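Pulled from TrEMBL, these are the features on record:
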DOMAIN    A:79-288  domain 'ABC transmembrane type-1'
DOMAIN    A:369-575  domain 'ABC transmembrane type-1'
TRANSMEM  A:28-46  transmembrane segment
TRANSMEM  A:79-102  transmembrane segment
TRANSMEM  A:114-138  transmembrane segment
TRANSMEM  A:165-187  transmembrane segment
TRANSMEM  A:221-238  transmembrane segment
TRANSMEM  A:267-287  transmembrane segment
TRANSMEM  A:317-342  transmembrane segment
TRANSMEM  A:373-394  transmembrane segment
TRANSMEM  A:406-430  transmembrane segment
TRANSMEM  A:450-474  transmembrane segment
TRANSMEM  A:515-534  transmembrane segment
TRANSMEM  A:554-575  transmembrane segment
Amino acid sequence: MITAVKTLLGYQETVPQRTSSSGQWQRLLIVCMVVGLFTFIVLPVIELMERALQNRSGEYIGLENFFTYFSSPSLFQSAYHTVTVAVITTIISVGAALLYAYAIERTHMKGKTFFTYMALLPLFAPTMMYGISLIYLFGNNGVITTGFFGTLEDWFGIGEWDFEIYGLKGIVLSEVIFTFPQAFLILKVALSTADQRLYEAADTLGASKLRKLFTVTLPNIKYGLVSAIFVCFTLSFTDFGAPKVVGGQYNVLATDVYKQVIGQQNFSMGATVGIILTIPAVIAFVVDQIIQRKKEGGISSKAIPYKTPNNKRRDRLYTLYCLIVSGMFLLLFGAIVAAAFVKVWPYDFSLTFRHFGFGNVAGDGLKPYWNSLLVSSITAVVGTFLIFLGAYLVEKSRYMKVIRKISYFLSILPIALPGLVIGLAFIFFFNQQMFQVPFTSIEFMNPFNWLYGSMTILVLANLVHFYSVSFLTATTSLKQQDKAYESVSEAMDVPFYKTFARVTLPLSLPAILEMAMYLFVNSMTTISAVVFLYSPDWKLASIAMVNMDDAGDIAPAAAMALLIIATNILVRTLYEVASRFLFKKTYAWKR
Amino acid sequence: MEHLKVNGVYKNFGEFTALEDVSFSVSKGEFVCLLGPSGCGKTTLLRIIAGLEQPNKGAVMMNGKDITHLPPAKRNFGIVFQSYALFPNLTAFQNIAYGLKTRKMTKRSIREKVHETLRQVNLEHIADRYPAQLSGGQQQRVALARALALSPDFLLLDEPLSALDAKVRVELRNEMKRLQKQLGITTIMVTHDQEEALSMADKMVVMNNAELVQSGSPQEVYEYPLTPFVSDFIGTVNFLEDASSLRAIRPEHVELKTELRENSIPVSIENMEFRGGFYRMMLKNKINKQARYLFADVSAEEYKKEQYELGQTIYMKFQESGMMHFTDYPVQSKPLVSSIS
Ligand SMILES: Nc1ncnc2c1ncn2[C@@H]1O[C@H](COP(=O)(O)OP(=O)(O)O)[C@@H](O)[C@H]1O
Ligand SMILES: [Mg+2]
């Protein structure tokens, strides 16, 4: 059995080599890494799967939960709803982002930097925020619904609209805004590498514009397009924040998980729905792996960069389009600012800071915000270090090849796990008093039980949730460094940690900054992974938003959203400044 | 006694065989060139000698002791990679001092050693530059200096000159050879360039398809190649084949005459290349038109005297003394030069 696995993973017997102490340290770290990944990713997921096969009292019932789920019309309906939301969101979001990315990459329009930042704005806010904005704009007392509070009626005689924002429309709008920046970033990269020669060849053959679109442009970005489609689909399929706020009666899978777990305390059904929630992401994961393999060697090194032809009319059209899109984003953020500062919407429009006191809201005050700041900072610092070290060991060590392969797989696995599923799996794993060794009656104390309800579990959940993307950022940067650095150091008898500190880290600093920024910003805005895990002592800002919204205190929720966004924009700005500084400082290395 | 010995080394990567039963030895102070076409396993062999890769079978011996189980750091060699692997964020000085720092040396003796090594490679003036600010040749010499700074027992060089342009390459060839002799350091250099190997090596080790095919002095390997592959890979060769045997002859052992004589073949001149002291003629067999081109060298004097022209029919004759015979090799299906008579 073990030999079979070894053969499968490409293990081969070699003449043994005495390991230097530097090598022993690497082996130890590699073992710690794989044990850590296994404990905090694989074990909780196994725990979740087991729970999906049990009834409420913990007896094994096979796939019964799944049958129950699909035979219950109301539950089945939310599956249908979720697919509807995901499909519509994907179409709109990818389409809109494609045009926007095209405007940035393939026109001569002015203000590209501004438009790029505008497109990234939604990354800084929790998804619930878009829901709240939409309510302020299109809800029963919304600015637009009431025709600017009757102004339009007074002036033009146009009456009130009813947008019915609660439900499908509200969810889809929120998800489009949420997924837009992600699709935009992917498609921007895809569009940035084009081969001028192909366009010239098409011109020589007298191809029409439409023909060129279908024969050159689209095939060229097909991998990016597939990627963007999958990302938008899975994100909107699994998102929890927006449907929670603007969903109304329109149930989706994510809100079902929440209701089953928090509302009905039916953990088994929660686990079942959680597994269903994971399906698209798992499919996306598999397809992505296949694509990655195909993509290698696809780009010709002889490609000549695309030169955008001059076309004033095209530039004007795209400028208009980008203005409209950024205008809408600004409108949403404007609505949140207004909501946060206006005294009593829509009756008293005088301005106030009192919503930022959060005094009457469950008495938590600003504590959730400070908690979030602390948890995000720790996640960013600890996460960047651990994830970078992990990527380094996987990429650069020459020891324990098979275990490093397994670690690589475990490191990119979390990308397929929705936040809610991670949260749920963590409850099952950490809340358990005793562990049972499978197929035996041996039981032992859960050594991690004490973490339940602590701040550490929130950090851990964030780490798992955002592990893969950071890991890939680190891996990409490490791959660009010569593998011989490690060999040279070893030959010179320099321990690996010296070269790690003196060469690898400095060369990877841009990637490290990016990882820290990514981890921080996402930990500030996430709800899904932590909503099941926080304790009253460790309530986070995003969760406080959910609670305030539940209690009808929408203005303080908006104020909290504003705090989160402001913090994230500040961190992003710091990141940009640090990156520039670093670039200047290291200019001599690159000449 | 042999300084370094590679004994029956095997290496697989999965299904793929990278090295099969490779053995050779190196004497102290010798400059050995490991020569072979790209992908034949040269780098892998070098990494195994260095201890950066472990063989599936076989041993590496040093001064009669088995060192296969020793980690790289305990083997005391200096290595220069094809990419040089200079640390881009460290200056030339810092790169060279890098390995000295862990050797419990005082700051002053480190500085002295670095400057001494920089002097040896004629690069004292660029000590404070980053690798990106150096030319390819300078980078190569810094990498060499970094390897030499630790006073290793032997030096491993993986295609150290292949990334440079032709002129710099020839210059550095001489400089490296001079330095090697001056320091008396045992050196194994990997290359796929036969000219480089012939001009630098005390001893050549020729590899093909994961196997060692021949080792010996450059003269030995050039004049008495053991296989058709070696004769073809090192220098230029004409293959002569008939029903039962395969023979080969180098262009310098071919005589050209303008009139027909006994045992000569009529050929037409396809091309004439000036090579400095001589001309290399590319010739086409007039009897068997499918045969490979034949090559013959003509001294500049003779060339002037005869006034050869393109397309002219001349007659070639092989000097029996320069003929190489390959007995064990099966006659190839497509004749290279069909029956001579
Ligand atoms: N780590 C490795 N894994 C798999 N195959 C390898 C590895 N290293 C080398 N090879 C293969 O072994 C063969 C020999 O490689 P190498 O020793 O680098 O050749 P050379 O240096 O003679 O060009 C090549 O076909 C290469 O693809
Ligand atoms: Mg090589």
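Including glycine, each Cβ sits where the backbone N, Cα and C put it.
TrEMBL annotations: computationally assigned, not manually curated.
Packing against the transmembrane segment (A:165-187) from elsewhere in the chain are residues 81, 84-86, 88-90, 92-94, 96-98, 100-102, 119-123, 127, 130-131, 134-135, 138-139, 142, 145, 221, 224-225, 227-228, 231-232, 235-236, 239, 241-243, 245-250, 252, 329, 332: each is 6 or more residues past its ends and has a CB under 8 Å from a CB in it. Note on the transmembrane segment (A:406-430): residues 9, 30, 33-34, 37-38, 41-45, 47-48, 50-51, 234, 238, 240, 254, 257-258, 261, 267, 270-271, 274-275, 277-278, 281-282, 284-285, 390-391, 393-394, 446, 448-449, 451-452, 457, 460-461, 464-465, 467-469, 471-472, 526-533 of its chain, located 6 or more positions outside it, place their CB under 8 angstroms from a CB of the stretch.
By the Cβ criterion (distance under 8 Å, sequence gap of 6 or more), the transmembrane segment (A:28-46) is not counted as touching the transmembrane segment (A:317-342), fewer than 3 such pairs being found. Across A:114-138, A:221-238, A:267-287, stretch A:221-238 shows the highest tally of CB pairs under 8 A with the transmembrane segment (A:79-102). Tertiary neighbourhood of the transmembrane segment (A:373-394): same-chain residues 26, 29-30, 33, 37, 404, 407-408, 411, 455, 458-459, 462-463, 466-467, 470-471, 474-475, 478, 500, 504-505, 508, 511-512, 515-517, 519-521, 523-524, 538, 540, 567, selected by CB-CB distance under 8 Å and a gap of 6+ residues from either end. For the transmembrane segment (A:554-575), the list of distant contacts is 123-126, 128-129, 132, 135-136, 333, 336-337, 339-340, 342, 345, 355-356, 358, 361, 368-369, 372-373, 513-514, 516-517, 520-521, 524-525, 541-542, 544-545, 548: same-chain residues at least six beyond its ends, Cβ to Cβ under 8 Å. If you look at the transmembrane segment (A:221-238) against the transmembrane segment (A:114-138), you find fewer than three C-beta pairs under 8 angstroms, all six or more positions apart, and that falls short of contact. For the transmembrane segment (A:317-342), same-chain residues at least 6 beyond its ends with a Cβ under 8 Å from one of its own Cβ atoms are 96, 99-100, 102-103, 107, 109-111, 114-115, 118-119, 121-122, 125, 129-130, 132-134, 136-137, 143, 177, 348-353, 355-356, 554-555, 558-559, 561-562, 565.
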